[in-house]
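The region 'Disordered' annotation in Swiss-Prot covers 1-31, 44-84, 164-196, 238-258, 326-409. The compositional bias 'Low complexity' annotation in Swiss-Prot covers 15-31, 166-179. Summarising the annotation, Swiss-Prot assigns domain 'CoV N NTD' to 31-156 and lists sequence analysis as the type of evidence. Annotation comment: Swiss-Prot describes 70-84, 358-367 as compositional bias 'Basic residues'. Swiss-Prot lists 180-192, 247-258, 368-384 with the feature compositional bias 'Basic and acidic residues'. The phosphoserine annotation in Swiss-Prot covers Ser190, Ser192, Ser379. For 215-331, the entry in Swiss-Prot reads domain 'CoV N CTD', with the evidence type sequence analysis. According to Swiss-Prot, the region 'Dimerization' annotation covers 226-333, on the basis of sequence analysis.
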Amino acid sequence: MASGKAAGKTDAPTPVIKLGGPKPPKVGSSGNVSWFQAIKAKKLNSPPPKFEGSGVPDNENLKPSQQHGYWRRQARFKPGKGGRKPVPDAWYFYYTGTGPAANLNWGDSQDGIVWVAGKGADTKFRSNQGTRDSDKFDQYPLRFSDGGPDGNFRWDFIPLNRGRSGRSTAASSAASSRAPSREVSRGRRSGSEDDLIARAARIIQDQQKKGSRITKAKADEMAHRRYCKRTIPPNYKVDQVFGPRTKGKEGNFGDDKMNEEGIKDGRVTAMLNLVPSSHACLFGSRVTPRLQPDGLHLKFEFTTVVPRDDPQFDNYVKICDQCVDGVGTRPKDDEPRPKSRSSSRPATRGNSPAPRQQRPKKEKKPKKQDDEVDKALTSDEERNNAQLEFDDEPKVINWGDSALGENEL
């Protein structure tokens, strides 16, 4: 499949990928946990959350009059040396009349409860949405169309197309976010460091580990099927599958680092979310057929628009600057660094430091067995922690409502 920028102006509207994801089911459930993922305090003893908007997670299945409920504090603990240790609280959303505080009316005062309601909500209505059965349904990603919680809270990135086997995927993608501003109320801005972008590759890698194994025969088939249907298997270089990288013509995407690492390079994972699907490419492109001596050549010209107010706009621009016509180059921070020396003079017998005296080794105390540590948690705490599916500290980008966060891989 050929691709490229439009050669000239056209009256046809520019094709744009419509981003979307799964939503909570319309019918209630007999479970006992929240439909949505938690928001988590960044520090211990943080005050209750305040929301820039209504505080009600987006759910198009409910009428505006039904968009109200409460956020409930969930104390969290983790096992450690000497017993359990508290970690920052998590807050879960439940619709009015459901969940642990189902007996409360909207607005009733209770410690650890924050009531929220959307515009036009009828707070006298008690929801029949029910709660989630964790054996049948995964947590649903949080989206706040009118603004999320204040900067004291974060939530983890959940791939919108993950299955039951993908729970640990989101754990590796937990991310901190800055306090939201008016310009970015629909998303969460974060730094653009390359090491954060690189970790995005774990999304695909974890899914591969949890899913079916790719045999050598399968990998070879993936790399050598019809050119327009090829995908890069793990441990393959880009040029092994799609040929050498070039400049100014087809095959011009990817620098030397991306070529060597293949799908392990997190920039691949990010940019795949801007690539059109097969249907979008066929029906949203300008298609140009040409008969050539060797056969029929089809050229697909498609434009994906990343808005300037997208939380990851700067990251995408940076990746394009690095990788378009990037053959023969590497990211600046990927260049090998010279080894530093404490002195410019070569070491001689006269100025060499005296050998250090070896200290006697201390006997290591035997570590507690895992089963002994786990006993530090009560059964109630273990059950509560079972709901906390994504607990890693924020180490990577929270893509939020950005092009990456909304498009299926």
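Every residue, even glycine, has its Cβ placed from backbone N, Cα and C.
Summarising model confidence by region, the region 'Dimerization' (226-333) averages a pLDDT of 90. Across the range of the domain 'CoV N NTD' (31-156), the DSSP-based residue counts are 3 helix, 44 strand, 79 coil. In the region 'Disordered' (238-258), the DSSP tally of helix, strand and coil residues is 8 helix, 1 strand, 12 coil.
According to DSSP, the region 'Dimerization' (226-333) comprises 44 helix, 16 strand, 48 coil.
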